[in-house]
Ligand code: DON
(Lines of atoms letter the chains of each structure in order from A; the text may use other names.)
(Lines give C-alpha, C1' and ligand atoms only; values in the text may rest on other atoms or scores of the structure.)
Protein backbone atom coordinates (compact mmCIF):
# COMPACT_ATOMS: atom_id res chain seq x y z
CA UNK A 1 0.00 0.00 0.00
CA UNK A 2 2.74 2.46 1.00
CA UNK A 3 4.60 1.97 -2.30
CA UNK A 4 1.38 2.27 -4.29
CA UNK A 5 0.45 5.57 -2.63
CA UNK A 6 3.93 6.99 -3.22
CA UNK A 7 3.85 5.95 -6.87
CA UNK A 8 0.42 7.51 -7.42
CA UNK A 9 1.40 10.77 -5.72
CA UNK A 10 4.50 10.96 -7.92
CA UNK A 11 2.36 10.31 -11.02
CA UNK A 12 -0.26 12.93 -10.20
CA UNK A 13 1.84 15.77 -8.80
CA UNK A 14 2.12 17.31 -12.30
CA UNK A 15 -1.71 17.26 -12.56
CA UNK A 16 -1.87 19.98 -9.89
CA UNK A 17 -0.49 22.46 -12.47
CA UNK A 18 -3.81 22.37 -14.33
CA UNK A 19 -5.86 23.52 -11.33
CA UNK A 20 -6.20 26.70 -9.29
CA UNK A 21 -6.63 27.40 -5.57
CA UNK A 22 -10.00 28.83 -4.49
CA UNK A 23 -9.77 32.56 -5.04
CA UNK A 24 -12.92 33.86 -3.38
CA UNK A 25 -11.59 33.28 0.15
CA UNK A 26 -8.32 35.25 0.46
CA UNK A 27 -6.63 32.87 2.95
CA UNK A 28 -7.27 29.86 0.68
CA UNK A 29 -5.95 31.72 -2.37
CA UNK A 30 -2.53 31.95 -0.68
CA UNK A 31 -2.06 28.16 -0.45
CA UNK A 32 0.72 26.44 -2.42
CA UNK A 33 -1.16 24.80 -5.33
CA UNK A 34 1.54 22.19 -6.00
CA UNK A 35 0.83 20.20 -2.82
CA UNK A 36 -0.74 16.75 -3.03
CA UNK A 37 -1.04 14.16 -0.27
CA UNK A 38 -3.06 11.19 0.90
CA UNK A 39 -3.68 9.23 4.11
CA UNK A 40 -5.35 5.82 4.19
CA UNK A 41 -6.57 4.17 7.40
CA UNK A 42 -7.55 0.54 6.87
CA UNK A 43 -10.06 -1.57 8.82
CA UNK A 44 -7.18 -3.23 10.69
CA UNK A 45 -6.09 0.22 11.95
CA UNK A 46 -3.04 0.58 9.70
CA UNK A 47 -2.18 4.16 8.70
CA UNK A 48 -0.46 4.88 5.37
CA UNK A 49 0.59 8.36 4.33
CA UNK A 50 2.24 9.76 1.22
CA UNK A 51 2.87 13.14 -0.39
CA UNK A 52 3.20 16.67 0.88
CA UNK A 53 0.52 18.59 2.74
CA UNK A 54 0.16 21.03 5.64
CA UNK A 55 -0.45 19.47 9.04
CA UNK A 56 -3.92 21.01 9.19
CA UNK A 57 -6.35 22.46 6.67
CA UNK A 58 -9.98 23.55 6.88
CA UNK A 59 -12.88 21.23 6.19
CA UNK A 60 -14.90 23.68 4.11
CA UNK A 61 -17.74 21.78 2.42
CA UNK A 62 -16.65 18.45 3.89
CA UNK A 63 -18.23 19.80 7.10
CA UNK A 64 -21.65 19.48 5.41
CA UNK A 65 -21.54 15.70 5.91
CA UNK A 66 -20.79 16.02 9.64
CA UNK A 67 -23.38 18.77 10.13
CA UNK A 68 -26.02 16.65 8.38
CA UNK A 69 -25.34 13.67 10.63
CA UNK A 70 -25.58 15.83 13.75
CA UNK A 71 -28.78 17.56 12.61
CA UNK A 72 -30.39 14.17 11.92
CA UNK A 73 -29.24 12.83 15.29
CA UNK A 74 -30.65 15.97 16.95
CA UNK A 75 -34.00 16.14 15.13
CA UNK A 76 -34.67 12.86 13.34
CA UNK A 77 -34.66 12.53 9.56
CA UNK A 78 -38.33 13.42 9.10
CA UNK A 79 -37.89 16.97 10.43
CA UNK A 80 -34.62 17.58 8.59
CA UNK A 81 -35.98 16.42 5.23
CA UNK A 82 -39.14 18.45 5.59
CA UNK A 83 -36.85 21.45 5.03
CA UNK A 84 -34.23 20.11 2.63
CA UNK A 85 -34.49 17.68 -0.28
CA UNK A 86 -32.57 14.54 -1.26
CA UNK A 87 -31.98 15.15 -4.95
CA UNK A 88 -28.70 15.93 -6.72
CA UNK A 89 -28.30 19.08 -8.79
CA UNK A 90 -26.34 19.94 -11.89
CA UNK A 91 -25.79 23.50 -10.63
CA UNK A 92 -22.71 24.84 -8.80
CA UNK A 93 -22.55 24.44 -5.01
CA UNK A 94 -23.36 28.05 -4.22
CA UNK A 95 -26.08 28.53 -6.83
CA UNK A 96 -28.97 30.85 -6.03
CA UNK A 97 -30.82 29.95 -9.22
CA UNK A 98 -32.82 27.01 -7.83
CA UNK A 99 -33.89 28.95 -4.75
CA UNK A 100 -35.05 31.80 -6.94
CA UNK A 101 -37.08 29.52 -9.19
CA UNK A 102 -39.11 28.57 -6.07
CA UNK A 103 -40.28 25.43 -7.83
CA UNK A 104 -39.21 23.13 -5.00
CA UNK A 105 -39.83 25.37 -1.94
CA UNK A 106 -36.77 23.89 -0.29
CA UNK A 107 -33.07 23.44 -1.21
CA UNK A 108 -32.43 20.38 -3.35
CA UNK A 109 -30.02 18.61 -0.99
CA UNK A 110 -27.85 19.12 2.14
CA UNK A 111 -24.57 19.23 0.20
CA UNK A 112 -25.23 22.50 -1.62
CA UNK A 113 -24.83 25.71 0.36
CA UNK A 114 -28.55 26.51 0.57
CA UNK A 115 -29.27 23.06 1.98
CA UNK A 116 -26.28 23.17 4.31
CA UNK A 117 -27.44 26.48 5.79
CA UNK A 118 -30.82 24.91 6.59
CA UNK A 119 -29.17 21.82 8.09
CA UNK A 120 -26.83 23.88 10.28
CA UNK A 121 -29.71 26.00 11.55
CA UNK A 122 -31.31 22.75 12.84
CA UNK A 123 -28.30 21.71 14.94
CA UNK A 124 -29.05 22.17 18.63
CA UNK A 125 -27.19 24.98 20.41
CA UNK A 126 -28.08 28.43 21.69
CA UNK A 127 -25.37 30.26 19.74
CA UNK A 128 -23.40 29.76 16.53
CA UNK A 129 -20.31 28.90 18.60
CA UNK A 130 -22.26 26.29 20.53
CA UNK A 131 -23.48 24.62 17.31
CA UNK A 132 -19.94 24.62 15.87
CA UNK A 133 -18.63 23.28 19.19
CA UNK A 134 -20.98 20.31 18.92
CA UNK A 135 -19.79 19.59 15.36
CA UNK A 136 -16.22 19.71 16.67
CA UNK A 137 -17.06 17.23 19.42
CA UNK A 138 -18.62 14.81 16.94
CA UNK A 139 -15.44 14.99 14.83
CA UNK A 140 -13.38 14.36 17.97
CA UNK A 141 -15.48 11.30 18.71
CA UNK A 142 -15.05 9.95 15.19
CA UNK A 143 -11.29 10.59 15.05
CA UNK A 144 -10.23 10.19 18.66
CA UNK A 145 -8.43 13.56 18.33
CA UNK A 146 -8.57 16.23 20.99
CA UNK A 147 -7.08 18.91 18.76
CA UNK A 148 -9.96 19.87 16.51
CA UNK A 149 -10.57 23.62 16.44
CA UNK A 150 -11.67 26.50 14.25
CA UNK A 151 -9.09 28.37 12.15
CA UNK A 152 -10.15 31.86 13.21
CA UNK A 153 -8.28 33.56 10.36
CA UNK A 154 -10.13 31.53 7.73
CA UNK A 155 -13.40 32.12 9.55
CA UNK A 156 -12.91 35.91 9.61
CA UNK A 157 -11.83 35.92 6.00
CA UNK A 158 -14.93 33.95 5.00
CA UNK A 159 -17.27 36.00 7.13
CA UNK A 160 -16.09 39.24 5.52
CA UNK A 161 -16.60 37.91 2.00
CA UNK A 162 -19.77 35.81 2.50
CA UNK A 163 -22.01 37.94 0.30
CA UNK A 164 -23.50 35.08 -1.69
CA UNK A 165 -24.04 32.85 1.36
CA UNK A 166 -25.67 35.77 3.18
CA UNK A 167 -27.96 36.32 0.19
CA UNK A 168 -28.88 32.61 0.24
CA UNK A 169 -29.59 32.80 3.98
CA UNK A 170 -31.95 35.74 3.44
CA UNK A 171 -33.82 33.82 0.73
CA UNK A 172 -34.12 30.87 3.13
CA UNK A 173 -35.48 33.16 5.80
CA UNK A 174 -38.06 34.50 3.36
CA UNK A 175 -39.14 30.89 2.68
CA UNK A 176 -39.42 30.26 6.45
CA UNK A 177 -36.76 27.56 6.25
CA UNK A 178 -34.41 29.21 8.73
CA UNK A 179 -35.02 31.57 11.60
CA UNK A 180 -31.92 33.65 12.39
CA UNK A 181 -29.92 34.72 9.32
CA UNK A 182 -26.68 35.96 10.92
CA UNK A 183 -26.47 33.18 13.51
CA UNK A 184 -27.01 30.52 10.84
CA UNK A 185 -24.43 32.10 8.55
CA UNK A 186 -21.90 32.36 11.40
CA UNK A 187 -22.44 28.72 12.45
CA UNK A 188 -22.08 27.54 8.83
CA UNK A 189 -18.86 29.51 8.26
CA UNK A 190 -17.45 28.32 11.60
CA UNK A 191 -18.06 24.70 10.58
CA UNK A 192 -16.35 25.34 7.22
CA UNK A 193 -13.33 26.73 9.11
CA UNK A 194 -12.79 23.69 11.34
CA UNK A 195 -9.25 22.39 10.90
CA UNK A 196 -8.40 18.72 10.46
CA UNK A 197 -5.41 16.62 9.45
CA UNK A 198 -5.45 14.23 6.51
CA UNK A 199 -5.44 11.40 9.06
CA UNK A 200 -8.54 12.87 10.74
CA UNK A 201 -10.31 12.79 7.36
CA UNK A 202 -9.29 9.19 6.80
CA UNK A 203 -10.56 8.22 10.26
CA UNK A 204 -13.90 9.93 9.61
CA UNK A 205 -14.04 7.98 6.32
CA UNK A 206 -13.31 4.74 8.14
CA UNK A 207 -15.97 5.48 10.77
CA UNK A 208 -18.53 5.89 7.98
CA UNK A 209 -17.14 2.80 6.22
CA UNK A 210 -17.79 0.84 9.44
CA UNK A 211 -21.36 2.13 9.75
CA UNK A 212 -20.65 4.48 12.63
CA UNK A 213 -18.00 2.48 14.44
CA UNK A 214 -14.64 4.21 14.96
CA UNK A 215 -11.21 2.80 14.08
CA UNK A 216 -10.92 1.81 17.78
CA UNK A 217 -14.37 0.20 17.93
CA UNK A 218 -16.53 2.89 19.59
CA UNK A 219 -20.04 3.19 18.15
CA UNK A 220 -20.59 6.94 17.69
CA UNK A 221 -23.11 7.27 14.84
CA UNK A 222 -26.31 5.26 14.25
CA UNK A 223 -26.07 2.87 11.30
CA UNK A 224 -28.89 4.55 9.35
CA UNK A 225 -27.22 7.97 9.72
CA UNK A 226 -23.85 6.77 8.42
CA UNK A 227 -25.60 5.02 5.54
CA UNK A 228 -27.46 8.23 4.70
CA UNK A 229 -24.21 10.24 4.82
CA UNK A 230 -22.47 7.89 2.39
CA UNK A 231 -25.44 7.91 0.04
CA UNK A 232 -25.40 11.72 -0.13
CA UNK A 233 -21.66 11.56 -0.69
CA UNK A 234 -22.28 9.35 -3.75
CA UNK A 235 -25.12 11.39 -5.21
CA UNK A 236 -24.05 14.95 -4.27
CA UNK A 237 -20.62 14.82 -2.56
CA UNK A 238 -18.53 16.04 -5.49
CA UNK A 239 -21.01 18.75 -6.48
CA UNK A 240 -21.92 18.79 -10.13
CA UNK A 241 -19.08 16.36 -10.84
CA UNK A 242 -20.72 13.64 -8.68
CA UNK A 243 -21.94 11.58 -11.65
CA UNK A 244 -18.57 11.49 -13.39
CA UNK A 245 -16.84 10.74 -10.07
CA UNK A 246 -19.23 7.83 -9.39
CA UNK A 247 -18.46 6.35 -12.80
CA UNK A 248 -14.69 6.84 -12.68
CA UNK A 249 -13.98 6.32 -8.96
CA UNK A 250 -17.11 4.74 -7.46
CA UNK A 251 -16.32 5.60 -3.83
CA UNK A 252 -18.54 7.74 -1.54
CA UNK A 253 -16.62 11.03 -1.20
CA UNK A 254 -17.02 14.67 -0.20
CA UNK A 255 -14.83 17.54 -1.32
CA UNK A 256 -14.15 21.04 -0.01
CA UNK A 257 -12.71 24.18 -1.59
CA UNK A 258 -9.62 24.07 0.63
CA UNK A 259 -8.62 21.01 -1.44
CA UNK A 260 -9.58 18.24 0.96
CA UNK A 261 -11.50 15.11 0.00
CA UNK A 262 -13.06 12.69 2.50
CA UNK A 263 -13.61 9.21 1.04
CA UNK A 264 -15.09 6.08 2.54
CA UNK A 265 -14.79 2.55 1.15
CA UNK A 266 -17.47 0.49 2.92
CA UNK A 267 -16.04 -2.07 5.39
CA UNK A 268 -12.53 -1.51 4.04
CA UNK A 269 -10.87 1.87 4.59
CA UNK A 270 -11.14 5.62 5.08
CA UNK A 271 -9.19 7.98 2.83
CA UNK A 272 -8.17 11.60 3.34
CA UNK A 273 -6.77 13.56 0.40
CA UNK A 274 -5.36 17.07 0.22
CA UNK A 275 -4.53 19.04 -2.93
CA UNK A 276 -5.56 22.72 -3.00
CA UNK A 277 -5.43 23.16 -6.78
CA UNK A 278 -9.05 22.76 -7.87
CA UNK A 279 -10.69 21.89 -11.17
CA UNK A 280 -13.48 24.05 -12.65
CA UNK A 281 -16.12 22.25 -10.54
CA UNK A 282 -14.33 23.12 -7.28
CA UNK A 283 -12.86 19.67 -6.57
CA UNK A 284 -9.16 18.96 -5.96
CA UNK A 285 -7.78 18.26 -9.44
CA UNK A 286 -4.88 16.07 -8.27
CA UNK A 287 -7.04 14.49 -5.58
CA UNK A 288 -9.68 13.31 -8.03
CA UNK A 289 -7.03 11.87 -10.39
CA UNK A 290 -5.33 10.14 -7.45
CA UNK A 291 -8.56 8.55 -6.22
CA UNK A 292 -9.43 7.40 -9.72
CA UNK A 293 -6.17 5.47 -10.01
CA UNK A 294 -6.32 4.15 -6.45
CA UNK A 295 -9.84 2.87 -6.99
CA UNK A 296 -8.84 1.13 -10.22
CA UNK A 297 -5.65 -0.42 -8.82
CA UNK A 298 -7.31 -1.75 -5.65
CA UNK A 299 -10.74 -2.40 -7.22
CA UNK A 300 -12.50 -0.17 -4.68
CA UNK A 301 -15.62 0.85 -6.60
CA UNK A 302 -18.79 0.04 -4.67
CA UNK A 303 -20.70 -0.52 -7.90
O1 DON B 1 -19.67 28.21 1.44
C2 DON B 1 -18.55 28.49 1.09
O3 DON B 1 -18.36 29.35 0.30
C4 DON B 1 -17.32 27.75 1.63
N5 DON B 1 -16.98 28.17 2.89
C6 DON B 1 -17.42 26.27 1.52
C7 DON B 1 -17.69 25.87 0.14
C8 DON B 1 -17.01 24.66 -0.33
O9 DON B 1 -16.11 24.06 0.23
C10 DON B 1 -17.46 24.26 -1.66
N11 DON B 1 -16.62 23.26 -2.20
N12 DON B 1 -16.32 22.79 -3.14
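Note that Cβ sites are derived from N, Cα and C of the backbone, with glycine treated the same way.
Whatever TrEMBL says is automated annotation, not expert-curated.
In TrEMBL this protein carries:
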BINDING   61, 113, 158, 165, 188, 239, 257  substrate binding site
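Overlay of TrEMBL annotations on the structure.
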residue: 61; record: substrate binding site; CB count, 10 Å: 26
residue: 113; record: substrate binding site; CB count, 10 Å: 23
residue: 158; record: substrate binding site; CB count, 10 Å: 24
residue: 165; record: substrate binding site; CB count, 10 Å: 21
residue: 188; record: substrate binding site; CB count, 10 Å: 29
residue: 239; record: substrate binding site; CB count, 10 Å: 23
residue: 257; record: substrate binding site; CB count, 10 Å: 23
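Residue 257 (substrate binding site) falls within neither a helix nor a strand when secondary structure is assigned with DSSP, and so counts as coil. Residue pairs drawn from 61, 113, 158, 165, 188, 239, 257, the listed substrate binders, are separated by up to 20 Å at the Cα level.
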